[in-house]
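For reference, the structure discussed in these notes is given below.
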Amino acid sequence: MPRELTQNRIQKIWVPTKDDRRRGGAPHFANPPTVIVMVGLPARGKTYMSRKLTRYLNWIGMPTKVFNVGEYRREAVKNYSSYDFFKPDNECAVKIRQQCALAALRDVRSYLKDEGGQVAVFDATNTTRERRDMILKFGEENDFKIFFIESVCDDPSVIASNIMEVKVSCPDYRDCNKTEAMLDFQKRIECYKKSYQPLDPDRYDRDLSFIKVIDVGRRFLVNRIQDHIQSKIVYYLMNIHVQPRTIYLCRHGESTDNLKGRLGGDAGLSPHGKQFSSALARFVEEQQLKDLKVWTSQLCRSIQTAEHLGVPYEQWKALNEIDAGVCEEMTYDEVKEKLPEEFALRDEDKYYYRYPAGESYQDLVQRVEPVIMELERQENVLVICHQAVMRCLLAYFLDKSADEMPYLKCPLHTVLKLTPVAYGCKVESISLNVEAVNTHRERPEEVKRGPGTLIRRNSVTPLTSPESNIKKPRIDDLDEAPIQELPPSVSALALCSPSHIPLTLPGQNLMSSPGRHDILQPCQ
Amino acid sequence: GSSVPQFCNSPTMIVMVGLPARGKTYISKKLTRYLNWIGVPTKMFNVGQYRREAVKIYKNFEFFKPDNEEAMKIRKACAAAALKDVALYFTKEQGQVAVFDATNTTRERRAIILSFAMEMGYKVFFVESICDDPEIIAENIKQVKFGSPDYADRDIDEAMEDFIQRIDCYRASYMPIDDEKDRKLSYIKIFDVGSRYLVNRVQDHIQSRIVYYLMNIHVTPRSIYLSRHGESELNLLGRIGGDTGLSPRGQKYASALATFIKGQKISDLKVWTSHMKRTVQTAEALGVQYEQWKALNEIDAGVCEELTYEEIQENFPEEFALRDQDKYRYRYPKGESYEDLVHRLEPVIMELERQENVLVICHQAVMRCLLAYFLDKPADELPYLRCPLHTVLKLTPIAYGCKVESFFLNIEAVNTHRERPMNVNVSRKTEEALQTVPDHI
């Protein structure tokens with residue numbers, strides 16, 4: 001007899017009645033956990049790629065964490081003196097560095113076996129065969145798949161630029177000036193060069209799975225992709241770039257439905273919405289960008305907003321607002337009145353909650369993923385979309401978890417300007433000073449958490465890239481004086497736990513903002 | 001317009017490179033099929049076909065000897081003719097991508113193509129296939145060369161012998177794409193049927209998609225089974241969409257499907273369903289693990305969900321006529337079109353390419369989209385492909401295409417297939433609109 005099926009209340013997924021766990025909601029592709037092993041000389045972008053990849057994998061629902069051996073070393077050796085530490089004949093240091101790598105691997109194992117992790121990114125130079133063989137053995141012993149990402153680059157200007165961007169301000173160099181730091185770092189690189197054995201696809205490493213990223217993505221060598229996740233990782237790495245550029249996210253102008261407090265629908269702009277669109281056109285012009293791409297959804301209010309810009313724009317159905325199913329065009333009060341249980345369920349678990357015959361934020365993430373991939377390929381882009389969609393995109397750029405995503409503040413008539421910087425993204429929130437209704441519903445105070453809200457292993461839940469195991473100075477409030485260990489420039493660079501970054505973007509007081517607020521919101 | 005931005009501005013030429021029997025035509029055809037399915041107008045230009053037109057009778061490998069001046073002239077002319085047709089395809093037929101399928105093994109030939117493209121403003125992306133495994137080569141020759149018109153009157157051993165010598169003719173002058181000299185070109189080198197790839201200077205979105213696709217396809221033998229859910233309660237009533245469970249006959253089909261699958265003795269079968277009750281119920285009967293994909297959900301009929309065709313005609317006669325006018329592009333109000341479905345299904349296709357044996361339990365419109373991909377059916381045929389209930393389609397790749405076997409599992413079900421009626425005008429009468437509606441309760 002086939003098993004009885006019920007539709008689980010939050011996700012609306014049909015499951016055998018006896019089994020009420022929260023479901024993946026999407027096929028699981030990762031079975032044995034995977035360790036991604038970075039390889040390359042210092043200043044080749046390993047940490048940059050590690051963090052970006054981790055952010056992407058977490059966003060698509062694959063629990064991933066970075067293990068940066070340099071951080072373990074900084075814990076073990078409180079004060080970095082000079083590049084001498086990295087000399088191959090410095091026996092004492094070599095021992096310490098070996099211990100650090102082993103400690104990191106122990107944490108990798110525990111993350112993948114006991115903490116529900118699916119992918120661990122082992123971020124270190126891993127430049128010798130000896131070290132890599134050790135890691136391969138570790139993988140075999142624990143039944144982990146191993147995938148190497150090697151970054152090869154010999155362009156001195158790229159290296160110098162990397163050093164300036166992320167190394168001179170790193171904790172190792174807090175007592176040095178920039179020139180000193182640069183010189184020391186270059187000598188550090190020399191220490192590694194002699195013993196560097198790049199991956200050898202023709203002989204020694206021909207049976208390994210890896211990608212060699214050459215000259216910042218000009219060229220790739222891909223060997224033996226084993227599975228779905230490695231294929232996606234390769235595709236992602238081939239689409240990202242490091243050209244400076246800016247992404248602008250905003251919602252359509254206020255719509256007539258917004259005025260009535262109605263969800264969804266396909267209404268046109270209200271008079272204020274039209275005002276915003278003109279203001280947006282002026283704003284875009286003032287930004288003086290070369291080659292700005294403009295993307296909209298296929299809903300009227302988004303297209304109408306773009307029309308005011310007087311430039312070509314592309315319509316993406318994938319950018320349409322979340323489908324509220326049977327609740328489309330109702331007000332929240334009407335939903336509460338007609339479907340009180342659904343209303344309560346949504347507040348219980350807003351990320352997973354799927355409107356009857358509609359979508360959930362989880363569905364949105366899947367829908368919007370090709371947009372993210374194309375955003376990575378592009379340079380300057382303005383995306384004119386919708387509240388829930390914008391929250392999804394923002395969560396990707398700012399590394400916000402599934403739990404936070406549905407409550408990110410994306411008010412009408414405000415442009416978020418995102419600029420990649422160092423390992424993360426700078427956000428500026430710019431209100432264009434046109435009145436609009438507030439469509440944001442806060443997370444209710446008393447929310448009954450039903451069963452099945454535990455995050456399960458392999459469940460498809462965007463997580464914030466977890467902070468490392470190493471005790472890092474915590475910065476509870478960005479206005480507070482930074483803790484002594486870090487120079488002021490570094491505290492701005494997102495070494496703090498993402499969960500400490502306030503969800504409210506300052507300056508979003510819609511009714512009375514006297515002007516633009518260019519707030520620097522550093523975040524991972 | 002379409003539901004996805006058009007990313008191609010300059011037309012693109014994909015230029016195959018490699019010795020004979022390296023899978024160039026296989027890749028060309030598959031890539032062309034994929035690109036057309038996702039909505040990028042693509043056409044293949046196989047220079048060998050031009051040669052067969054020019055030289056009606058193929059005698060033997062001597063034609064391909066590098067010192068055969070007469071033949072060289074003809075071959076050059078064929079390549080030039082193909083390039084001319086590429087230009088015509090782009091300018092007169094709104095083509096977006098042309099796949100230039102030939103050996104293109106000399107730098108000289110590639111230089112000609114590059115300068116042609118530069119002159120015309122086309123982008124060029126090379127796909128080189130390198131393989132030295134004699135077993136793979138022999139297998140390729142068996143799979144596709146014996147069936148070629150060139151060897152129609154030969155026996156297998158003769159054909160094999162001749163073809164091997166043909167390959168040797170190319171070998172001496174073969175200059176693979178060079179990492180140094182060709183560092184400015186955009187290309188992918190495929191080694192040993194996908195064991196390794198070298199990718200250089202991907203210029204744009206379409207090239208990135210092509211690379212991703214090429215890295216996901218494989219040639220391991222396997223079968224894909226496509227089936228709809230068992231007959232549902234709404235099917236019986238002639239209603240579209242919705243999310244009901246199986247009718248009693250639908251349940252019987254689910255059991256019959258389980259028996260059928262067991263009988264196929266498939267190793268490692270993956271089973272995929274949608275998120276809708278009727279497919280999940282069908283899979284439940286199999287007693288094996290299955291994965292649910294929201295992307296496999298039936299087309300969203302928007303305001304027409306759960307209506308019968310008669311009700312649609314009564315309430316939305318104009319919409320009903322518009323749908324018959326262009327069933328592929330027509331989007332239900334607040335719903336989806338077949339075109340939207342294709343984009344929604346693309347990740348499913350990509351994963352199907354990666355996988356081996358898979359059974360996909362889905363829905364009528366979805367199954368039509370998937371089938372159109374595998375059988376290379378164009379957009380205007382897609383919405384009318386026959387995917388009846390209680391029938392499993394078994395697809396097995398062979399040679400350059402796909403073999404289809406249809407298994408009706410002998411459980412009666414309603415017919416849900418509605419042909420295009422004769423009159424698709426918005427001014428048509430009700431009887432004309434309902435002319436082709438299948439019977440229901």
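Using the three backbone atoms N, Cα and C, a Cβ is placed for every residue, glycine included.
Keep in mind that what you see is a predicted model, and the values were worked out from it rather than measured.
Listed in TrEMBL for this protein:
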type	residues	note
DOMAIN	B:2-221	domain '6-phosphofructo-2-kinase'
BINDING	B:R228, B:H229, B:G230, B:E231, B:S232, B:E233, B:L234, B:N235, B:R278	substrate binding site
ACT_SITE	B:H229	active site, tele-phosphohistidine intermediate
ACT_SITE	B:E298	active site, proton donor/acceptor
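DSSP gives B:S232 (substrate binding site) a strand state. Across the structure, the residue listed as 'active site, tele-phosphohistidine intermediate' and B:R278 (substrate binding site) are spaced 6 Å apart at their Cα atoms. Calculated from their C-alpha atoms, the gap between B:S232 (substrate binding site) and the residue listed as 'active site, proton donor/acceptor' amounts to 13 Å. DSSP assigns B:E298 (active site, proton donor/acceptor) to coil in the three-state reduction, placing it in neither a helix nor a strand.
Across the residues the record lists as binding substrate (B:R228, B:H229, B:G230, B:E231, B:S232, B:E233, B:L234, B:N235, B:R278), the two Cα atoms farthest apart are 14 Å from each other.
Reduced to three states, the DSSP call for B:R278 (substrate binding site) is helix. A simple way to gauge crowding: the CB of B:G230 (substrate binding site) has 30 other CB atoms within 10 angstroms, across all the protein chains here.
Other than the site residues B:R228, B:H229, B:G230, B:E231, B:S232, B:E233, B:L234, B:N235, B:R278, same-chain residues with C-beta atoms no more than 8 angstroms from the centre of those residues' C-beta atoms, the substrate site, are B:T244, B:G245, B:L246, B:S247, B:G250, B:L389.
Counting only same-chain residues at least 6 apart in sequence, those with a Cβ under 8 Å from the Cβ of B:L234 (substrate binding site) are B:I240, B:G241, B:G242, B:T244, B:E306.
On a Cα basis, B:G230 (substrate binding site) lies 14 Å away from the residue listed as 'active site, proton donor/acceptor'. For the residue listed as 'active site, tele-phosphohistidine intermediate', the count of additional Cβ atoms within 10 Å of its Cβ stands at 30 [all protein chains shown]. Looking at the domain '6-phosphofructo-2-kinase' (B:2-221) alone, the prediction's average pLDDT is 93.
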